[in-house]
Amino acid sequence: MFKTPFFPSHALISPTFLLNRGWCIFIDTRYKLGECPTYDSRDNSLVWTDILGETVQRINYDEPNQVTTHKTPCSVGCIGLTETPGVYIAGTKQGVALLDFRPGQQQQFKMVHSFDSLNLDADIRANDGTVSPDGRFWISTMAEDVDQKVAPRGRLFVYDGQTIEEVSGYDVHIPNGMGWLEGTVSGPFVFTDSANHRLLKDKKPFIEIENIEGCSMHPEPDGLTLSEDGDIWTAQFGASRVRRYSPEGILKDEIKFPAACITCPTFAGKDYNELIATSFNDDKGEGGKVFRVKLEGVKGVPKYVFKSA
């Protein structure tokens, strides 16, 4: 397992970090728990969820001041693209749903696969999730109030448009960001075990997040995204930053933000060279807002598209 070394806040880590440490507030609204920002180059849109607020927000990426907020009947934990721009697949407290945000649509929320058949406890909801390279939707679930004194109740499922099956070996308290390092489901799979402060690779310990001097809590890795060079960009909840690791688990650089609890990064923009980061509103600093960082020499991997079986 690779243990993260401590870098003081003034450390100069890499040329990329030096060039691109500037952030800006992209969406100047405090969401309760912003999560899962998802960019679609086909219509230049960005969506993200507010899990606790039970809303999903959508913008034209070039018009960030014009946010359309969609109220949902239950919390939405994760969102994925579908073959139709403006239509999204989502993991919710109730199950898998389709969100149709195209103009003129009367039914914006349609449940397509309930969680009832999974016999989950009443306080379980969807958390992070993503579409895999083969077009399936991966959804993690967790308890709304985590009790680490009892056995983990978090689980991981995969939905192919017809059936939903559990992926064994991922019973953790807080399942979070995930991705495939080589762009194929047969390649290494990185999965976040937030409560144990670590990332797993193919179910084995990979990156351990240690205490950072000056942080009020032991940082928890949260959502993640990947760049074309195979690097892993993971939000550090409680540490005000997104950290970048090599495919081997080596810390390469980091970007600090004016919010303690960064929740999830994603790449956006036509060239996928801008990093968007959501955050949790802890009533401090700029918590709850959405941030943007323009990068040079880095290009993100576009989100995969869900394809129903």
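The first residue you see is number 1, and the count goes up from there.
Glycine too: its Cβ is placed from the backbone N, Cα and C atoms.
TrEMBL annotations: computationally assigned, not manually curated.
What TrEMBL says about this protein:
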DOMAIN    33-280  domain 'SMP-30/Gluconolactonase/LRE-like region'
BINDING   E35, N176, D222  divalent metal cation binding site
BINDING   R125, N127, D145  substrate binding site
ACT_SITE  D222  active site, proton donor/acceptor
Across all the protein chains here, work out how many other Cβ atoms are within 10 Å of the Cβ of N127 (substrate binding site).
29
So which binding-site residues are near E35 (divalent metal cation binding site), with CA atoms within 10 Å, out of R125, N127, D145?
N127
Rounded to a whole number, what is the top Cα to Cα distance in Å among the residues the record ties to substrate, namely R125, N127, D145?
12
Going by a 10 angstroms cut-off between Cβ atoms, which of the binding-site residues E35, D145, D222 has the sparsest surroundings?
D145
In angstrom units, rounded to an integer, how far apart are the Cα atoms of N127 (substrate binding site) and D222 (divalent metal cation binding site)?
10
Between D145 (substrate binding site) and D222 (divalent metal cation binding site), how far is it from one CA atom to the other, in Å?
16
Setting E35, N176, D222 aside, what same-chain residues sit with their Cβ within 8 Å of the center of the Cβ atoms that define the divalent metal cation site, listed in sequence order?
C36, N127, D128, G177, T192, S194, G223, A235, F237, T263, C264
Quick one: which residues besides R125, N127, D145 have a Cβ within 8 Å of the substrate site's Cβ centroid, in sequence order?
G77, K93, D123, I124, A126, T141, M142, A143, E144, V146
Can you give the mean pLDDT for the domain 'SMP-30/Gluconolactonase/LRE-like region' (33-280), rounded to a whole number?
97
Close in space, distant in sequence - R125 (substrate binding site), Cβ under 8 Å, 6 or more apart:
I51, C74, S75, G77, T92, K93, T141, M142, E144
By the DSSP assignment reduced to helix, strand and coil, which category contains D222 (divalent metal cation binding site)?
strand
Do any residues at least six apart in sequence from N176 (divalent metal cation binding site), in the same chain, have a Cβ closer than 8 Å to its Cβ, and if so which, in order?
N127, D128, S140, T192, D193, S194, P221, D222, G223, L224
